[in-house]
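Peer 1: Pasting the feature list from TrEMBL:
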{"type": "TRANSMEM", "residues": "26-50", "note": "transmembrane segment"}
{"type": "DOMAIN", "residues": "40-289", "note": "domain 'G-protein coupled receptors family 1 profile'"}
{"type": "TRANSMEM", "residues": "57-78", "note": "transmembrane segment"}
{"type": "TRANSMEM", "residues": "90-114", "note": "transmembrane segment"}
{"type": "TRANSMEM", "residues": "134-156", "note": "transmembrane segment"}
{"type": "TRANSMEM", "residues": "199-225", "note": "transmembrane segment"}
{"type": "TRANSMEM", "residues": "237-260", "note": "transmembrane segment"}
{"type": "TRANSMEM", "residues": "272-291", "note": "transmembrane segment"}
Amino acid sequence: IMANLSQPSEFVLSGFSSFGELQALLYGPFLMLYLLAFIGNTIIIVMVIADTHLHTPMYFFLANFSLLEILVTMTAVPRMLSDLLVPHKVITFTGCMVQFYFYFSLGSTSFLILTDMALDRFVAICHPLRYGTLMSRVVCVQLAGAAWSAPFLAMVPTVLSRAHLDYCHGNVINHFFCDSAPLLQLSCSDTRLLEFWDFLMALAFVLSSFLVTLISYGYIVTTVLRIPSASSRRKTFSTCGCHLTLVFIGYSSTIFLYVRPGKAHSVQVRKVVALVTSVLTPFLNPFILTFRNETVKTVLQGQMQRLKGLCKA
């Protein structure tokens, strides 16, 4: 991407500059959350690959989701951590566009994977006799492949349009990464069409997937309530509970930030919500998945017993 007079060669990420020297104090807690998120999600991926009990569609999608959590945090958090320790928080124009592309492509993919997980639970609970056929290995790979490829393709025109905007309102992005609204605020081009395109993208990847997830769980709830056994109902709701928790955390923050046209919301609010989705949520997800899911707990306990046996030997 060539820089000209209206395209700065670099942007300055203000991040948490308002904290002054206190920024350095944020480094330790943020680094700890980032490392725990990385380790927790990596454990889930390794566990799903290594244990044959977890070679099912539900855990295949779960491993995809954990991988996405790792990759999304990698696009923004390491940069944010290093910026907390340096006075000049500079990112190149090209680097900013690349970060924007991967952050929003991976983020959109994670919502589509959550939808795949909802569809999997819908088929398993509402159509159990046809589950093996409807959710075959080929179908699961196709669903995951579509979830990964569609956002990466759709984000190409989105990022190219931003690369060709005129940025004549300075080069200071009031955020810790190259977010959509702060970038648009620096442009003196007419961004109304671009804002509408962003809104359509949000409708396509966030609201539509949220709607499919809600409808799926509507059918699941009505089916589960018809199960005569109370213990069976509890077990089914327990299996779905962890997924619903992920859905609530993921969709609520993203819909709040992005599913509305324009440059709405104060900068500080955007930073706080982005911080939650980039650092806190990926850290919480492995714990939600572990403590709310009996199968995962059983597999983990088995792995721990095996490790203890190896250590004694």
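Glycine too: its Cβ is placed from the backbone N, Cα and C atoms.
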Peer 1: Thinking of Cβ pairs under 8 Å, which stretch from 26-50, 90-114, 199-225, 272-291 has the most of them with the transmembrane segment (57-78)?
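Peer 2: Against the transmembrane segment (57-78), the leading stretch is 26-50.
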Peer 1: Can you give the mean pLDDT for the domain 'G-protein coupled receptors family 1 profile' (40-289), rounded to a whole number?
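Peer 2: Across the domain 'G-protein coupled receptors family 1 profile' (40-289), the average pLDDT comes out at 87.
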